[in-house]
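Enquirer: Mind looking over this structure? Questions follow.
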């Protein structure tokens, strides 16, 4: 790939995201989403591997369908109400279409099928962008229209996402697919609270982005694409592997780590909204994803491979984590004491 291509694509991603999150008009928001889609496709397909090309094609087709639905729902709303303002989404059919379109863009159940496949075909750092930055603009549109959305529909999709994200991740051995199902599961937590407390949904997304970025950067540093490679990396990067274990447990939502904070707040808010059955259901369903996080943690730290490993031997190199990895790892482990301040904000 041309050395100028990556900076141009990165700038386009930032530009598209900025346009979408700062716009009031549906056409501008749609334009930002399209810029984002077109900028990430070369980054997915840059290895020219058949799986990467397949992933880029799948991503393009699903995002094109979702963008068409966004445009159609906004036009239907403008036709019925005469308003192109994002916050004035009042037509019931338009709200339903918009929910479906954003669910496709985010990878919420039942529109999740493309997400694990695209992540598996992408390089680790592109998968990081797909799991964090690319979800921000669609989520912003959901937050801006949250007053008009159907709470029952979002709750159903959220519970289904948490269940399926945990269930499908149980038998995976590829780290990117595991993190894809982890993302689907976390989106369930964000979607269930979106209508009742948009600020809390945003906080949950921010913390999820920090934790996932830290995990992806650690996996990229040790070049771990599957569980076997994590298993054999312990002797080369013991400190990073130990930190990776803590980051994975934080993603699982175990106290006293950062990941416990959003889940605690969400269950508290759902109980206040007299949605105790939904709170109990989503808490129980998160135990499914806890299992595969524990399995990843077990492979990264708690077990050592036999000396007669058939895995390709790698040279021992002193791999010190980069500063961004260290900062994100610290944030993804140590933020729980800030809970009272966070609770006051949301």
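In case you wondered, yes, glycine gets a Cβ from its N, Cα and C as well.
Predicted automatically and left uncurated, TrEMBL annotations should be read as such.
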Enquirer: Check each of the ranges 239-258, 299-318, 319-338 against TrEMBL and return the one annotated as transmembrane segment.
Expert: 239-258
Enquirer: Of the ranges 57-76, 117-136, which one does TrEMBL flag as transmembrane segment?
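Expert: In TrEMBL, the transmembrane segment feature sits at 57-76.
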Enquirer: What same-chain residues lie close to the transmembrane segment (96-115): Cβ under 8 Å, and 6 or more beyond its ends?
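Expert: Hits for the transmembrane segment (96-115): 33, 58-59, 62-63, 65-67, 69-70, 72-74, 76, 89, 130, 135, 138-139, 141-142, 145, 149-150, 153-154, 157-158, 160-161, 163-165, 180, 183-184, 187-188, 191.
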Enquirer: Give residue numbers and ranges for long-range contacts of the transmembrane segment (278-298): same chain, 6 or more residues beyond its ends, CB-CB under 8 A.
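Expert: Sequence-distant neighbours of the transmembrane segment (278-298): 155, 158-159, 162-163, 165-167, 169-170, 172, 175, 178, 181-182, 185, 188-189, 192, 227, 230, 244-245, 248-249, 251-254, 263, 266-267, 270-271.
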